[in-house]
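Feature annotations, courtesy of TrEMBL:
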| type | residues | note |
| --- | --- | --- |
| DOMAIN | B:9-324 | domain 'Phosphofructokinase' |
| BINDING | B:13 | diphosphate binding site |
| SITE | B:115 | site 'Important for catalytic activity and substrate specificity' |
| SITE | B:141 | site 'Important for catalytic activity' |
| BINDING | B:142, B:143, B:144, B:190, B:191, B:192, B:247, B:297, B:298, B:299, B:300 | substrate binding site |
| ACT_SITE | B:144 | active site, proton acceptor |
């Protein structure tokens, strides 16, 4: 069988290690020229295929590809773009096949979350139906850690480490000044539907009464009185309180706490973030001086403090995707299978895309304490190995020196796409 | 002359390296037992002297003191507490002398900003007047970099590095997703009166059109139209725009932009931070999708990404304070004197406390561009060496392992303080 080309695309919110998966895919593909010709990467993910904007990664040196391992964000561009169902928008899928056919693309590696695995599966089905067989392999990625089956998702371990480190450091800051300054510090983390990231802050607690003291998760409707009682008790006992809150925190009626009807001077609604909303409760009901931080993109882009475990898994799953394809698998995704937690031992497994597509893994009840205001020892046992190890990027003039691609485009061969 | 004891106190907002100065003071003092007996540290800074709450640092091992070099925040506790003028509150100064006398304290090392240097100077004067001569030496500290005379203040280089790294990393994130997601990203930094911290983000710009694209400084009144024009031009040219804004940004009439009359659902005023206020302008006038981050305490506590230059200077100035005292100086503060910028060469100098007390160094006009929306090459030349070098703390189980003090208290000898 002659070698065929591959298409690699990044999808959804980027992470500190998604490029490590890209490096794994490209490096593994280069080791098999008998089976895989060129790896084309989509400019802005799947949009790059629809618009036939492809980067020819063959023009990137081995050093540049290796540098992707320590470069955050999406080196080729990513997109928040979900292809609709086959019935609703068959034209988009047919366009993908058209572009794939024009460039002799026989492998599709889609690096994303649950939505993307759904897309990869549909492309696989349609290729089959249209007489253009294509091997579609998912590569897991999401800071939210909400993909099922796999022990964890590349991207999560690093954001977890960032949040745990930030909580420990800011916690020391607050503790050292509480007597005359801030009593309650609130750190807002990502996590719209699942509380994994906020939960990881608990790893910072290295002794009784160390921060964080309260963790508010999207899985638990906010009981304002219970929360404020806990904060007050904490301040009265040790002088201060560190609260970590997931952006997806909701009230009992299902409303986002971040969307509490805040209005600016002109009466415009402001989605102010959940941290200021929680801070307002603390101020109005308890009267404590507060501060809050909103880490936002800083947390998922923080390659400078990435988890070595996460980097290794991201790279390994990129490689594994290629190896699965070469072994004849289709419509599958490589996974992390945990053998033991302490010491952490894992190997690469696999799962059919249909088993992960559009499914969300939330925190199990056994990981959340009885009052819903902290996590359990079981959660800590699960989380601890995922942040292990440091993997520093190289620095130049005091700043991390990240990969810069040549990014040479492939000449288009198809008519423009009308969307 | 028999050895006399020393009192060391941390003051004001803590930093990633104030404990490195503490280590310098204690280590240098230990090398001179013929002159300095025990170093007592104030619990919560100067309050520890007023309330006679002193930590006996002699009980801390050499390893623990060395670990302070890589431990952020205030290990002994700090305080936002400014002693009033001698005429207004002579009792407080007399109380300090009472406690110093009771513990045979002949040296006062005060680690803080401009306010603290003022206090140290007054204590020196009053001791003289009360027949209790005491050597008062300031140790500079402030993330705001607003002390005059010294080339920079310990604490600033590390927060500058944090902000530059965060800007580079988040900038890559935004660039890779702008096609379908956030167009304008806003990072709020500390800096109530001086824009040094926000300015340091410019170090991330390693090529034309790299982030950051706009820097809003407290030294320049916000011209909303000019700002929005710049943002729009940037988005139209490269697809996205990264804005770094100092918390102290003001409008032309002197109001904080952060205090724009935002009201929550109950009509309560909310000090929402400057980032959401700027984000609202972008949304309302330009309609771009935005995100913002508020780094807050994360930036000044971020010892994990401290500047090696900053750590070295903090430690050296702590040592120098002791050496100045032993050389017979009084009412002075050691400074960083820049010999050359590239390569960066500096030595320790000194300045009378009266020359730094209560004076604020803002960004000079020559460091701000003509439109007031970015910094100049001169600013970059000044800033560049201050973030140079990494100085990682040790890690255990994926997290930095910071010093933990025994913190043994000295038995009180004075009556309680009535304030």
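Placed from the backbone N, Cα and C atoms, the Cβ positions cover glycine too.
TrEMBL annotations: computationally assigned, not manually curated.
Known features from TrEMBL, placed on the structure.
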{"residue": "B:13", "record": "diphosphate binding site", "Cβ neighbours (10 Å)": "24"}
{"residue": "B:115", "record": "site 'Important for catalytic activity and substrate specificity'", "Cβ neighbours (10 Å)": "18"}
{"residue": "B:141", "record": "site 'Important for catalytic activity'", "Cβ neighbours (10 Å)": "30"}
{"residue": "B:142", "record": "substrate binding site", "Cβ neighbours (10 Å)": "28"}
{"residue": "B:144", "record": "substrate binding site", "Cβ neighbours (10 Å)": "27"}
{"residue": "B:191", "record": "substrate binding site", "Cβ neighbours (10 Å)": "28"}
{"residue": "B:247", "record": "substrate binding site", "Cβ neighbours (10 Å)": "22"}
{"residue": "B:298", "record": "substrate binding site", "Cβ neighbours (10 Å)": "25"}
{"residue": "B:300", "record": "substrate binding site", "Cβ neighbours (10 Å)": "29"}
Over the span of the domain 'Phosphofructokinase' (B:9-324), how high is the average pLDDT in this prediction?
94
Just to verify a number: CA distance, residue B:144 (substrate binding site) to residue B:115 (site 'Important for catalytic activity and substrate specificity'), in angstrom, no decimals.
13
Length of the line joining the Cα atoms of residue B:191 (substrate binding site) and residue B:141 (site 'Important for catalytic activity'), in Å:
14
Measuring Cα to Cα, how many angstrom lie between residue B:141 (site 'Important for catalytic activity') and residue B:13 (diphosphate binding site)?
9
Chain A sits near which of the recorded positions B:141, B:142, B:144, B:191, B:247, B:300, counting only a Cβ gap under 8 Å?
B:300
Rounded Cα-Cα span from residue B:13 (diphosphate binding site) to residue B:142 (substrate binding site), Å:
7
Rounded to an integer, what is the Cα-Cα distance in Å between residue B:300 (substrate binding site) and residue B:13 (diphosphate binding site)?
9
Among B:142, B:143, B:144, B:190, B:191, B:192, B:247, B:297, B:298, B:299, B:300, recorded substrate binders, what is the largest CA to CA distance in Å?
16
So, in DSSP terms, is residue B:247 (substrate binding site) helix, strand, or coil?
coil
Euclidean distance between Cα atoms of the residue listed as 'diphosphate binding site' and residue B:115 (site 'Important for catalytic activity and substrate specificity'), Å:
12
